[in-house]
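Colleague: Pasting a structure below so you can have a look.
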Amino acid sequence: MAQLLYLPLPFSAVASCSSSSSSSSPSIPKLHPLKLPHNHKGRPNHLLKTQKLLNSEVSPHRAVSAVRLMRIELGGAYADLLNEKGKGSGENEMGYVQRTLGFRTRELNHHDLRLVTDVVGGAIRWRRYLDHLISSLCHDKDIYSMEPLLLQILRIGCYEIVKLDMPPYAVVDENVRLAKVALRPGAGNMVNGILRKLVVLKENETLPLPKVEGDDRAQARALATLYSHPVWMVRRWTKYLGQEETIKLMTWNNSEPSFSLRANRARGFSRDDLVTQLNALKVPHKPSLHLDEFVRIKTGLQIVIHAGLLKKGLCSVQDESAGLIVSVVDPQPGETIIDCCAAPGGKTLYMASHLSGRGMVFAIDVNRGRLRILKETAKLHQVDGVVTTINADLRTLNDTEPLKSNKVLLDSPCSGLGVLSKRADLRWNRKLEDMEQLKKLQDELMDAASKLVKPGGVLVYSTCSIDPEENDERVAAFLVRHPDFQIDPVDRYVPPDFVNQSGFYFSNPIKHSLDGSFAARLVRAL
């Protein structure tokens, strides 16, 4: 459920930020309304001009980052998917720049693409914080009436100045040049004034930041700005975790994520083989402390991708927290397992690799396109012989498919509040009202999944959320509705450090340095 934080604005929206009144600050000119002629598709004609087709003076990573940020915020694209599609594909990225801005820069190299990933991810994570800084340097304060491209350029510049170790005045000059070429000279002047003022404030350690004081609401608003999260999330986490743990959680969410690679045993590729490959590629890594097939890397994912290890099906990117959920299911050769809501299929493929060619995983999902990708990936991973896909809504499945099994996994749709370090944009797409809708859906799906469990069989309910209302409380409500199920403690399947007081699996980002996830193992009476 991708929801945009701001309403999509036309490219010709008026910029209304004016200069600071401080006599010591650089002059920041106010941009006047600019009306641009549009073609029949509603796009500004100036964006389609081809006479300035090549501009080698514009920073390529900043041009690509600005366009990508607009695609995410205004077009509903997902940041992680854009990163995946953009890896090794500078030509595609520059194509988007040309279609959006009307010109190309020099071609992107691998260093540029890494910068794009860093800048886009950082600008999204720190968006609320950056917008506060920009607003503080504007008289008008209503920065969301700016042209979207201008706002993205300012966010990029502010992020590079405040959060990245880049020469500040080079950052100013490069972003000014982008604004002048992509928009007009007046936009460049405005970017110049705001960013130069920001450089002075940072050097003097006088950034205009809110103080955490006042009542609970005021403190939550200040923390939401300082750590760049929605206020409702801060209030919710403070309620459940306390302020100190909430700050630690937000700090984790804002850190550069680490990734785990799973060696694909189904192709005879072991963790030792993966380690050998990583050593040859000079990618720093550490073996998982919890799972024999996993290796953790902090940097070098693009190197792994360029080397073709993923395309060959030798390994896959999968967080250890997801792997531990599969440990709770405990797939064994010869078993039949039903994976409800299976796509995109990471857990499906991992379970299938444990069957050693004997048994079956029925992968159910309502999204036909995602199931098709799962099926193709299963073939690549050489587990297609033990994976059968079923395109259906789980809630109506029993009406058409009399399917039952001794093991059923429901990896339920959820808020994703446990994966915000990797899904930088998700914090802005989620709203408080989503939680009630998700809880209702989770209850419906659990009821439907329970019908697939044979007497004496196991239902594993899992999420990638850290919210107790989606986790423990959903299980408690289910057990009231279904007294024929009881809790089977997971301490036989995962390390004791991951077992909570109720006997459920729970990975805590702060405690375990993994994505947050949850799983309950429930046994149906004979």
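Glycine too: its Cβ is placed from the backbone N, Cα and C atoms.
As annotated in TrEMBL:
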type	residues	note
ACT_SITE	Cys464	active site, nucleophile
BINDING	Cys341, Ala342, Ala343, Pro344, Gly345, Gly346, Lys347, Asp365, Asp393, Asp411	S-adenosyl-L-methionine binding site
COMPBIAS	32-45	compositional bias 'Basic residues'
DOMAIN	249-525	domain 'SAM-dependent MTase RsmB/NOP-type'
Colleague: Just to verify: the residue among Ala343, Cys464 with the fewest other Cβ atoms within 10 Å, which of the recorded positions is it?
Modeller: Ala343
Colleague: Tell me the Cα distance separating the residue listed as 'active site, nucleophile' from Lys347 (S-adenosyl-L-methionine binding site), rounded to the nearest angstrom.
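Modeller: A Cα-Cα distance of 12 Å.
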Colleague: Would you work out the biggest C-alpha to C-alpha distance among Cys341, Ala342, Ala343, Pro344, Gly345, Gly346, Lys347, Asp365, Asp393, Asp411, the residues that bind S-adenosyl-L-methionine according to the record, and give it in angstrom as a whole number?
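Modeller: 19 Å is the greatest Cα spacing among the residues binding S-adenosyl-L-methionine.
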